[in-house]
């Protein structure tokens, strides 16, 4: 039968059709090879935007640095980083005038956070530049390595466990004449295998001590490693992102804490909230502009785009902002917060792995590391790369590039939002002193601007004034990429607004389906995604029911667990049929064991094990929820887990789902090939770290324990806890006298060993 597709839309309001315009199916593009080229692009662009600034040389590291601040005034149309300090300070002052006490309160809040934050805050986060090994590591390992090196160099403030004390060590480390570090290296030798009599390569891992002088240590402490941003849709070219080292991270965290606290109290800020809360906040601003405009007034909204936001921002401006925001605060607090922008003004960008060369015959491949780019003959490179390298050479020091202007991606999102909002704030009539006025929304580099005026000339004048005001603080609104609509229709951070925010359900499509963690988690994540979309994204009941059926089908095909009474033949069907036949209550079998689906849109919030528990055969219950089941090494029981879901656009979101641990919550074993590489020493360190933490959790079983504050170490805390527990158990008759004596003896031995060490 032929259906005219336009009929589908007869009854649908235009804004609901947005989900049909979705272009992103299939996998997003990933980057391969090195990010060196992209990083060079970033560095060269950043310097180009600030090229009329003043050049100076850093006395400590010898790095050439470009400072565009308070230099020439910015020009129309050309993006530039020529911010003016007094303009930024004035914008801050007006922001404070419109929000009395906002800075004062945020400072007090931040001071409290600083006093309480533990150093393990820095273990959150993914890859981190590890300065001791000069490459990326998981955050926890990088922190452990840094602390280990600090302690072996006599920096011990960090032992209190407070982040602020660790940062004292960081400051002190920068004054030391040299730092001694331990590096892992790998020896290869050819030996004859006794069994097969063949020659094999034997690898041994060694550790060696290395001394870094002050200059080299400073360069490493100020280094941001760079990687290529993966999975970006809708871009032809890849781009570079930065991962800072442990010296910078703690300072950035405190600055962002302050800025986050300010953003929470600014109605125009799209950060730090998200989801529905963000939509409500933004809808308020639009409503305000609509109701405050007189009937005769025109109101237009610009869906804004800024040119190269972070390459035109400048750490020196952030320093000025912080100096102003904290002006009446204690000296120590002002110092702690000003260190991050100062470090960023002196930052070095690591160029990554370098370039890969292949010979014409493709027989030979060789890697030119970034360190060699200073000396290598440029005839080997193509035209565009040659230009890049020539530009960057004067800035190179040991494979890192001096990059004073610019911020690198994703570093000061909150603080830069405060700067953006301070310009939106200047749109009030009392500041514009004329007939036009503006307001808007800002979230990191994304903005929407609402301008009201009596006529079109007024609107144009308002937009021009906004554009030029932004220029003065280093924000470059792109005239080519921003567009204007009558207020009521605009886009902001991938939310589309048309008389209210439109649910764009298709954005969530990539997160439907089977995640591939394990049978238990996948089932839970799958139904939670459907549930969340019913709550947040206008996924209707009929569509949700269909999504659920498709998910179950997908799940059964992924894990080859079709119903026990099906005709479909798979590798597992023989076993599952047998289980089906010997199960009395077939409804109690999990879907992953060939059972039926009991899910519908009303019970998506219940984990499958709980849903079917009463229906299960007793022996099946016993096998399913048995932590001692020898065939499965499974996860500890946690009530709530986090999954990372990828929407089509925007950052990966963390989503909570209920996790009931069963024998289906298995963990795949680690690939063994890592054990033969130089990573092995690091892996062993990591496992040791993990073991210590697990042991500690055993002594303090409730996860709500207050971590031992003060100077007691983990070992001391565990020993004293063991003594207390043993005494209680002995006095209540739970353990015998001999056992009690033995525990006390072990505790004394441990303390003795610590003293000798």
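Cβ coordinates come from backbone N, Cα and C, glycine included.
In Swiss-Prot, the annotation region 'Disordered' applies to 50-82, one of the ranges 17-49, 50-82. Looking at 241-248, 249-256, 257-264, the range annotated in Swiss-Prot as region 'Promoter-binding site' turns out to be 249-256. Across the motif 'Nuclear localization signal' (203-216), DSSP helix (H, G, I), strand (E, B) and coil residues number 3 helix, 11 strand, 0 coil. Counting residues 6+ beyond its ends, the compositional bias 'Polar residues' (55-64) has Cβ neighbours under 8 Å at 214-215, 218-219, 222, 346, 348, 394-395, 397, 402, 404 in the same chain. Residues of the compositional bias 'Polar residues' (55-64) grouped by DSSP class, helix first, strand second and coil last, total 0 helix, 4 strand, 6 coil. Taking DSSP states H, G and I as helix and E and B as strand, the motif 'Nuclear localization signal' (187-195) has 0 helix, 6 strand, 3 coil.
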